[in-house]
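Here is the structure we will look at.
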Amino acid sequence: MGNLLSNKNILVMGVRNKWSIAWGIVKAAQEEGANIIITYQGEREKEGAEQLGADSIFQCDISSDEEIDNLFAAIKEKYGVLHGVVHCIAHAKTEDLQNDFVYTSRDGFAHALDISAYSLVAVSRGAKDLMTEGGSIVTLTYMGSEKVFKGYNVMGVAKAALETSVMYLASDLGEANIRVNAISAGPIKLFLPKVLRILVTFWIPFLKKRLLKETSHKRTLEKQPCIF
Ligand SMILES: NC(=O)c1ccc[n+]([C@@H]2O[C@H](COP(=O)([O-])OP(=O)(O)OC[C@H]3O[C@@H](n4cnc5c(N)ncnc54)[C@H](O)[C@@H]3O)[C@@H](O)[C@H]2O)c1
C-alpha cells in the first residue's frame, strides 16, 4: 500500500468485469490510497463495478450527453474537486471488426469514433471545471492507430482520432495545469470468449510488429495511470 494518490479523487470509466483493464487500474489506484469513483455503461456491467468497493459508482452511457452532465454534477456535489480521470472506453460494431475495413458502414464508423474517441473530448470538458487543483486525464490506445492489424479495422481509425484528440486537449487544458496523456497498451488477456479472436487479430501480428522486444505486463500497465 502506497500513498501516491492519497486524498485524490480519481474517476475511472469503463469497468465491465475483472478482465477489464479499468478493473486493474482501480485496484492499483486503491492501493495508492485514491478515492475511487467508477462509472459503468449499463445494467449488464453494474454487478462487476459493484465488486470493486469504490467510494462511488455511477452509471454513465458515454453516448448520452445528459448522462455525462449528470455524472459531473453528481461528482461536483459529492466531492467538489476531481484530480484524475482514467478513460478506458471503446467500442466498435462486431461486423466492422469481422469484415474487411473497406465494408465499414457509415453508421459503424460514426459509432466507433463517437464511443472510442469523441467520448474523451466530452469527458475532458466535464472534468476540467472540477480539476481546480490541476489534474491528469489518461486514456488507453493501441498501436493499431499507426499500423494495420487485420480485424482491428475501424478501431484503428478511432484510436488515431483518440490520440490526436489527446494532443489538442492537452494543448487546451495545459494552462489549467491539467495533463492529458494516452497509454498505448500491448494486447492484454481478455474475457475467455474474446481470447481466440484477440490471439488471431492482435497477438500474432503484434509479436511480429512489437516496438519493444517484450510483451505487455498487465500489472505494469495498470499502475501507469497512477504515475501520469
Ligand atoms: N485489451 C487490450 O488488448 C487493449 C490493448 C490496448 C488498448 N486497449 C484499450 O483499453 C480500453 C479498455 O479496454 P478493455 O480491454 O479493458 O476491454 P473492456 O471491454 O473491458 O472495456 C471497454 C469498456 O468500454 C465500455 N463501453 C463501451 N461502450 C460504452 C458506452 N456507450 N458507454 C460507456 N461505456 C462504454 C464497456 O462497458 C467496457 O467497460 C479500451 O479503450 C481499449 O481499446 C485494450
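Glycine is treated like the rest: Cβ placed from N, Cα and C.
Lifted from TrEMBL, the feature list:
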ACT_SITE  Tyr142  active site, proton acceptor
ACT_SITE  Tyr152  active site, proton acceptor
BINDING   Gly14, Ser20, Ile21, Gln41, Ile89, Lys159  NAD(+) binding site
BINDING   Ala92  substrate binding site
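Same-chain residues at least 6 positions away in sequence with a Cβ under 8 Å from that of Ser20 (NAD(+) binding site) are, in sequence order, Gly14, Gly48, Cys88.
Close to Tyr142 (active site, proton acceptor), meaning Cα to Cα within 10 A, are the following binding-site residues out of Ile21, Gln41, Lys159: Lys159. The C-beta environment of Ile89 (NAD(+) binding site), restricted to residues of the same chain at least 6 apart in sequence and closer than 8 Å, consists of Met13, Gly14, Ile62, Ile115, Ser116, Ser119. Tyr152 (active site, proton acceptor) and Lys159 (NAD(+) binding site) are 10 Å apart (CA-CA, integer value). Ligand 1 lies within reach of none of the recorded positions Ala92, Tyr152, Lys159, judged by a C-beta closer than 6 angstroms to any of its atoms. Counting Cβ atoms from all protein chains shown, Lys159 (NAD(+) binding site) has 25 others lying within 10 Å of its own Cβ. Of all Cα pairs drawn from Gly14, Ser20, Ile21, Gln41, Ile89, Lys159, which the record names as binding NAD(+), the longest spans 20 Å.
With respect to their backbone Cα atoms, Gln41 (NAD(+) binding site) and Ala92 (substrate binding site) stand 15 Å from each other. Rounded to a whole number, the distance between the Cα atoms of the residue listed as 'substrate binding site' and Ile21 (NAD(+) binding site) is 17 Å. Calculated from their C-alpha atoms, the gap between Tyr152 (active site, proton acceptor) and Ala92 (substrate binding site) amounts to 9 Å.
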